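To start, the structure under review is shown below, and the notes come after it.
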Amino acid sequence: MISEQLAAALAAIGLTPAQRRHIDHLPAPPTAPFLRRVVEVQRDRLTLHDGEHESPARVLPALHLGAAAHDGLAVGDWVHVARDAHGQWWVHARVPPLNQLARRQHDGREKSTRAVIVSNVDTALLVMGLDHDFNLRRLERYLALARIAGVQPVVVLTKADLCDPAYAERRLHETCALMPPGVDVVALDATGDEPSAALAPWTGPGQTLVLLGSSGAGKSTLTNALTGDAQQRVGASRADDSRGRHTTTARSLHRMPGGACIIDTPGLRTLRLDADAQDLAGVFDEIAQGALRCRFRDCRHQGEPGCAVQDSVAPERLRNFHKMQRELQRDTLSALERKAQRQVWKVRHKAARARDRGKREGEG
Ligand SMILES: Nc1nc2c(ncn2[C@@H]2O[C@H](COP(=O)(O)OP(=O)(O)OP(=O)(O)O)[C@@H](O)[C@H]2O)c(=O)[nH]1
Ligand SMILES: [Zn+2]
């Protein structure tokens, strides 16, 4: 059980009441009594936070072996840790995440694997510039990513200061028209002092936000505006990077003065969803609705006579849907992987409970 005192300390690093209840219902590994949040992930090292201090940590090999590569630790995860005789912190177990934003990553050939972007977030800020970055088809993809993970999306259109007000207004309208009910769209200048007030509804104490969007969209600029310092390198310093890599190279969690946590991510060059056909139908709901009125039950909305979807859905949106659908079909393994993953968690919970029992009996 998490004590009141510990809960208060961990709230500073994003422990929500729901997360606390979730953790309280799970057996804590007796060998690792401390709870921490992952705020940075390097290759085989992590940075953890206890609400007050950061500490470097490593992951027990047993956890590496247990966790399949497609379900690796990510920024935002909660972990159980212990310190060895040399003062080194080790992660013994991971709390099964309440949600995960994940995508498919391709190896260049036909194989793809699941890659976790972040765990346990309350809001996903989908960041897009009103400049040449503006692309509603890409936004549809990011929107699907958040909704499939069960994370509340908010669209943030940056660089409003760089364009003509009438143009910005038109883009804002187009974007709003695309959003399902309940998804807000905000247009702002990320470099000014607008972001804190404009994003206040989603940055309450204990809330965790992730920033998603392409390189140069303004994610680091927003992070700086919200955290009130320049701890995140921004694009202007790109000249430092002779290899021409993206400016933000790792995900990391930052704390806002008001008590929210914000996770900046590197711009993704491609975003392939980790989902199945049903997930996709769920987020393009008007297509699923329209399909009920198509003449053929198995209508694919690709030129069949009597197709109700082609009559009612914007052609570019329907094309985008078909494109994502084709990608998912190529990635059909994903469903099997997810099933396997759930199985792994089940087995691990069982093992943890058995270890717990064994330990108690050993002590008694
Ligand atoms: N004028 C103006 N410039 C902006 C705005 N948002 C971002 N910029 C500029 O755009 C450039 C890229 O911004 P970054 O914040 O580095 O973009 P990023 O999304 O973090 O990019 P990666 O780290 O590569 O993923 C920087 O030069 C910013 O100053 C904005 O709202 N207005
Ligand atoms: Zn149809």
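Cβ atoms here come from the backbone N, Cα and C positions, even for glycine.
Residues or ranges marked as domain 'CP-type G' by TrEMBL: 109-271. Marked as domain 'EngC GTPase' by TrEMBL: 119-269. Among the features that TrEMBL reports, GTP binding site is placed at Thr158, Lys159, Ala160, Asp161, Gly213, Ser214, Ser215, Gly216, Ala217, Gly218, Lys219, Ser220, Thr221. What TrEMBL records for 231-250 is region 'Disordered'. Taken from TrEMBL, the feature Zn(2+) binding site covers Cys294, Cys299, His301, Cys307.
Checked against Ser215 (GTP binding site), the binding-site residues Cys294, Cys299, His301, Cys307 differ in C-alpha distance, with His301 being the nearest. Using CA atoms as reference points, the binding-site residues Cys294, Cys299, His301, Cys307 were checked against Thr158 (GTP binding site), and the closest is His301. Proximity to ligand 1 (Cβ under 6 Å from any of its atoms) holds for these binding-site residues out of Thr158, Lys219, Thr221, Cys294: Thr158, Lys219, Thr221. Fewest other C-beta atoms within 10 angstroms, among the binding-site residues Lys219, His301, are seen around His301. The Zn(2+) site is defined by Cys294, Cys299, His301, Cys307, and by the 8 Å test on Cβ atoms against their centroid, the other residues of the chain that qualify are Gly290, Ala291, Arg295, Phe296, Arg300, Gln302, Glu304, Gly306, Ala308, Val309, Gln310. Of all the binding-site residues listed here (Ala160, Gly213, Ala217, Lys219, Thr221), Gly213 has the Cα closest to the Cα of Cys307 (Zn(2+) binding site). One residue stands out among the binding-site residues Ala160, Ala217, Cys294, Cys299, Cys307 for having the most other Cβ atoms within 10 Å of its Cβ: Ala217. The binding-site residues recorded for this entry are Cys294, Cys299, His301, and the Cα of His301 lies nearest to that of Ala160 (GTP binding site).
Taking Cys294, Cys299, His301 as the binding-site residues under consideration, the smallest Cα distance to Lys219 (GTP binding site) is found for His301. Ala217 (GTP binding site) has His301 as its nearest neighbour among the binding-site residues Cys294, Cys299, His301, going by CA to CA distance. The Cα of Thr221 (GTP binding site) lies closest to that of His301, out of the binding-site residues Cys294, Cys299, His301.
Within the set of binding-site residues Ala160, Gly213, Ala217, Lys219, Thr221, no residue has a CB atom less than 6 Å from any atom of ligand 2. Spacing of Cys299 (Zn(2+) binding site) relative to Gly213 (GTP binding site) is 33 Å (Cα to Cα, whole number). His301 (Zn(2+) binding site) sits 30 Å from Gly213 (GTP binding site), taking the CA atoms of both as reference points.
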